[in-house]
Amino acid sequence: MSENTDSTHEKLIFAPSRYQYEKSSLHRDALMGKDPLVLFNQWFQEATDDEGIKSPESTTLSTARLPSGRVSSRLVLLKELDHRGFIIFTNLGTSKKAKDLKSNPYASLSFWWEPLQRQVRVEGIIERLSREETEEYFKTRPRNSRIGAWASPQSEVIADREELEKRVEEYKKKFGEDESVPVPVPDFWGGIRIVPLEIEFWQGGKYRLHDRFSFRRNTLDEDYELVRLAP
């Protein structure tokens, strides 16, 4: 028998699992009657307090464009949590996520806090923040970050980094460097809130028998139902 030399079947990565999850466990009785957003805040604070987690606010935002159904994901930063949901800020004009959300208002978030062996998944509907809410946050950004929001046509093709740096310099000249002179919010930039239909809390368990509990509802007007999911 001749040796198969087809490189398309060659393993580029082979990662047999050796890592065991043994930190903690989740029990239904401890979750019953809890507001999942309050529970998320509790987990987030524990992640923030863990010295091994440098950026607990990092989360993977996934969106899908219709009618193709093509999915795209990217790391973003959670900036706020309120009684309705999870808030991030972004370019809402040229970015891929903005184009996806124009055709499909559903999105998901995934938080992974490895030292705690915890994951939180969020599925929900996007709603845009008001101009006033966006302006309130925009003022907290460093001045150069505010200028960067104007300068970057996010996700558009550019020739090279020099083109981007040239745009930054142009907007620096336009707005000046006097901190007392505000940099306005671009019309194409703003905040979005992911209002949850489902929030899943995942705690790693021995032998991959993880604890998974989902707070879920079919519409935003309903109360959440708590269910356990098989790992």
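All positions are counted from 1 along the displayed chain.
Cβ atoms are placed via backbone N, Cα and C, with glycine included.
What Swiss-Prot says about this protein:
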- Q20, Y21, E22, K23, K79, Y137, R141, S145, R208, L209, H210: pyridoxal 5'-phosphate binding site (BINDING)
- R74, L75, V76, L77, F89, T90, K96, K97, Q119, Q154, S155, W202, R212: FMN binding site (BINDING)
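Everything Swiss-Prot records as a feature, shown here on the structure.
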residue : record                              : Cβ contacts under 8 Å, 6 or more apart
Q20     : pyridoxal 5'-phosphate binding site : K206, Y207
V76     : FMN binding site                    : S58, T59, T60, L61, I88, T90
K79     : pyridoxal 5'-phosphate binding site : E57, I87, I88, F89, Y137, G191
K96     : FMN binding site                    : T63, S72, R74, S155
Q119    : FMN binding site                    : S110, F111, W112, W113, E200, W202
R141    : pyridoxal 5'-phosphate binding site : A149
R208    : pyridoxal 5'-phosphate binding site : S17, Y21, P231
H210    : pyridoxal 5'-phosphate binding site : Y21, W202, Q203, G204, P231
R212    : FMN binding site                    : L26, E200, F201, W202, Q203, R228, L229, A230, P231
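Around E22 (pyridoxal 5'-phosphate binding site), the same-chain residues at least 6 positions away in sequence with a Cβ under 8 Å from its Cβ are Q117, G204, K206.
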